[in-house]
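> Dropping the structure in here first, questions after.
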Amino acid sequence: MTKLSVNINKFATIRNSRGGNNPDVVKAAIDAQLFGADGVTVHPRPDERHIRYSDVRAIKPIITTEFNIEGNCREQKFVDLVLEVKPHQVTLVPDAEGQLTSDHGWDTITHKDYLVEMIKIFKGAGIRTSIFVDPVIELVEGAVATGTDRIELYTESYARLYPENREAAINPYIAAARKAHELGLGLNAGHDLDLHNLKYFAQNIPWLDEVSIGHALICDALYLGYENAIQLYKRQLAG
Ligand SMILES: CC(=O)[C@@H](O)[C@H](O)COP(=O)(O)O
Ligand SMILES: NCC(=O)COP(=O)(O)O
């Protein structure tokens, strides 16, 4: 079954809005796992406006499932952090500076040589690698050429189109996912997945290894409770 990795960045965003340590992001990671998550995702950014580098270090020892660190490997600070913390998986995301949230995947063709080099560094440290990509066949083929273990399909365009035409929304993802599967790449997905669109995505892409979900899940947790929200998301993945 597809694994659910809970992105806990939003806990840090709330904490940072007031200073202090409420909510406690280490507790958020512990509880996510207690409540049924198959993994924890964090996405530190250079300005640390969400999760901080020190949070990532503090979370690692309490991980009992899988730890996924996402971020921009063009930042040497990020590379050093990942190599120090050694998560189970690193997901390379080409964030531009000051970006509100991630809004595009890698051009795996133009940046092939650079990605080959980065993937080699992380895999050499025993860390599984994933590259954030848009659902485009050529970019999936480009990802294979980098030597990465997996790709993460950027699902924002699926989420945006889903309410008006879910078939049109899913089609490019099925094609990209098939290509990845055929080429032996592991497959993750994430961004703007929620309780409405997740089930259809997982049903149509049964060989999906993992989804990472943060924003919508934490918003749902405000109304429904954290444990309940995690369980509801898990149920969408169960078919
Ligand atoms: C790569 C990706 O889609 C997510 O990591 C997303 O950027 C969530 O992070 P924020 O919630 O901090 O925007
Ligand atoms: N990789 C996607 C992720 O971690 C969470 O994205 P979102 O659910 O916050 O949009």
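Even glycines carry a Cβ here, placed using N, Cα and C.
So TrEMBL lists the following for this protein:
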type	residues	note
ACT_SITE	HIS43	active site, proton acceptor
ACT_SITE	GLU70	active site, proton acceptor
ACT_SITE	HIS191	active site, proton donor
BINDING	ASN7, ARG18, ASP192, GLY214, HIS215	3-amino-2-oxopropyl phosphate binding site
BINDING	ARG45, HIS50, THR101	1-deoxy-D-xylulose 5-phosphate binding site
SITE	GLU152	site 'Transition state stabilizer'
> Using a Cβ cut-off under 8 Å and a sequence separation of 6 or more, which residues in the same chain sit near HIS43 (active site, proton acceptor)?
ASN7, ASN9, HIS50, ILE51, ILE69, GLU70, GLY71, VAL93, SER102, GLY214
> So of ARG18, HIS50, HIS215, which of the binding-site residues has the fewest other Cβ atoms within 10 Å around its own Cβ?
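Output over binding-site residues ARG18, HIS50, HIS215: least Cβ neighbours within 10 Å is ARG18.
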> Taking just the CA atoms, what is the gap between ARG18 (3-amino-2-oxopropyl phosphate binding site) and HIS191 (active site, proton donor) in Å?
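One finds 26 Å between the Cα atoms of these residues.
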> Just the number: how many Å between the Cα atoms of ARG45 (1-deoxy-D-xylulose 5-phosphate binding site) and HIS215 (3-amino-2-oxopropyl phosphate binding site)?
16
> Taking the mean position of the Cβ atoms of ARG45, HIS50, THR101 as the 1-deoxy-D-xylulose 5-phosphate site, which residues outside that list, in the same chain, have a Cβ no more than 8 Å away, listed in sequence order?
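Sorted by sequence, the hits are ASN9, THR13, HIS43, ARG49, ILE51, ASP95, GLN99, LEU100, SER102.
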> Under 6 Å from ligand 2 by Cβ, which binding-site residues from ARG18, ARG45, HIS50, THR101?
none
> Pick from GLU152, ASP192: which of these recorded positions has the biggest number of other Cβ atoms within 10 Å of its Cβ?
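Of GLU152, ASP192, the one with the most crowded Cβ is GLU152.
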> Would you mind checking how many other C-beta atoms are within 10 angstroms of the C-beta on THR101 (1-deoxy-D-xylulose 5-phosphate binding site)?
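Excluding its own Cβ, the number within 10 Å is 14.
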